[in-house]
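Structure record follows, encoded as structure tokens.
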Amino acid sequence: MNAPLPAEVLKQHLIDPEICIRCNTCEETCPIKAISHDSNNYVVDPEICNGCMACVPPCPTGAIDNWRLMVRAEAYGVQEQLGWEELPGEKALPEMAAAAPAGDELDAPQPAAPAPSAAPGATVPPWSAAHPYVNLYTHKTPMTATVVGNYRVTGADTESDIHHIVLDFGELPFPVLEGQSIGILPPGADAQGRPHHARQYSLASPRDGERAGYNNLSLTVKRVTEDHAGAAAHGVCSNYLCDLAKNDKVQVIGPFGHTFLMPNHPRANLIMICTGTGSAPMRAMTERYRRRIETGENGRLLLFFGARTERELPYFGPLMKLPRDFIDINLALSREAGQPKRYVQDLIRDRAGAVRELLADRNTCIYVCGLKGMEVGVLDALHDVAVQAGQDWSILHDALRREGRLHFETY
Ligand code: NAP
């Protein structure tokens, strides 16, 4: 059992800038706003952090899980952390703190207060998920991949320029699972002259490769030409990726992610809810199921996919060719001429019967990926479906999170 720390000693929570991929998950998860960032780093304020650990499981890289025993008065401040390129080493504590426990306690910080379960989704994978590898390649030791394919998967006459990009790793190992992501290091430097940070993209291909048996994977990348407010903006990495030609070399880090993973046991059902490029992991999972269609071990697939129009929905053609008895496809189109605006949450309510049936089966896992704004709408729709069936949503929601059966990846 851990002995309490002397008051003057702090188990300081730090984020490793060399591993962090700046995905914002920790800042979003922190229930007391102890985490902030600038254009360089994500940092933890020692004056606010209470070691509740809520941010640790959702971090896809483990960069968040760093702790230092410090004399409280000498704790690293926010400004100092923002300037770091790497974590400082361990410091020896002075005599006055000699009573402080050390060693393995650093691996198991004790929460100062219970971590509230504010996260909408699970922080554990489904029980049967395969074991993922993470951080095999880092900013310091990236892997070089070769572009073997790059083509547009949305209508050429639309504003949504979304590309399917295939990267090959040759002879070098890059083991991945559906639901994981990788980081791309775009060449060049930012306005301060520092090398660009990695940008994170979900895999669009299953574990055995974009082409089964090949050491490759695919990404779904939307060319960013405007910011969230609609002002002109040039997405550094998305434009770099969308402009790549065959045989170009790309610096890759990762893989990342240990919770947004698919179940691995027979007859597991998947409810997949996505918008736009959030379809990447859904394509990966669907393709995993499609490749074993003959084995009879698949459960049911229920897909809710939102896009502005059919022509702006990535992979529309191949998706519509999938057999209807293999996957139940529901398209929510928000800007299709002559049609009412539909969001994925509207279709979840329309298909309440099918959703309810799958929710009642403990072999069902739910995946939500895409725009941040859909999170609340999707949760509300699932709540309504459960309540209509006379279920207590808060009990069901807790069970889905606890059992790793409800996963969100939204930006
Ligand atoms: P988008 O085209 O802007 O939007 C897709 C659809 O979602 C549109 O029909 C849009 O309707 C609708 N939508 C807007 N607000 C919504 C809400 N509150 N609830 C439900 N639907 C809503 O999408 P996108 O540009 O492709 O962006 C997809 C998101 O996925 C990005 O934020 C991206 O970062 C994220 N993502 C990407 C990857 C990847 O690997 N590429 C992985 C994970 C997540 P309107 O007509 O109203 O706009």
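Placement of Cβ uses the backbone N, Cα and C atoms for every residue, glycine included.
Below 8 angstroms of C-beta separation, residues 5, 46, 48-52, 54-55, 58-64, 66-70, 75-76, 78, 81-87, 105-106, 109, 115-116, 118-119, 135, 138-140, 183, 190-192, 194, 197-198, 200, 253, 256, 411 of the same chain, each at least six residues beyond the ends of the domain '4Fe-4S ferredoxin-type' (11-40), sit close to that stretch. Feature annotation from TrEMBL assigns domain '4Fe-4S ferredoxin-type' to 11-40 (among others).
The domain '4Fe-4S ferredoxin-type' annotation in TrEMBL covers 42-69 (among others).
Annotated region 'Disordered' per TrEMBL: 98-123, in sequence order.
Taken from TrEMBL, the feature domain 'FAD-binding FR-type' applies to 140-262.
What TrEMBL lists as NADP(+) binding site is SER202, LYS222, THR277, SER334, ARG335, LYS341, GLY370, LEU371, GLU409. Around the Cβ of GLY370 (NADP(+) binding site), a 10 Å sphere holds 26 further Cβ atoms from the protein chains shown. DSSP assigns GLY370 (NADP(+) binding site) to a strand in the three-state reduction.
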DSSP puts the residues of the domain '4Fe-4S ferredoxin-type' (42-69) at 0 helix, 7 strand, 21 coil
Sequence gap of 6 or more, C-beta under 8 Å: which same-chain residues meet both conditions with respect to SER202 (NADP(+) binding site)? GLY179, GLN180, SER181, LEU219, THR220, GLY278, ALA280, PRO281, ALA284, CYS369, GLU409
The largest Cα to Cα distance in Å among the residues SER202, LYS222, THR277, SER334, ARG335, LYS341, GLY370, LEU371, GLU409, listed in the record as binding NADP(+), is 27
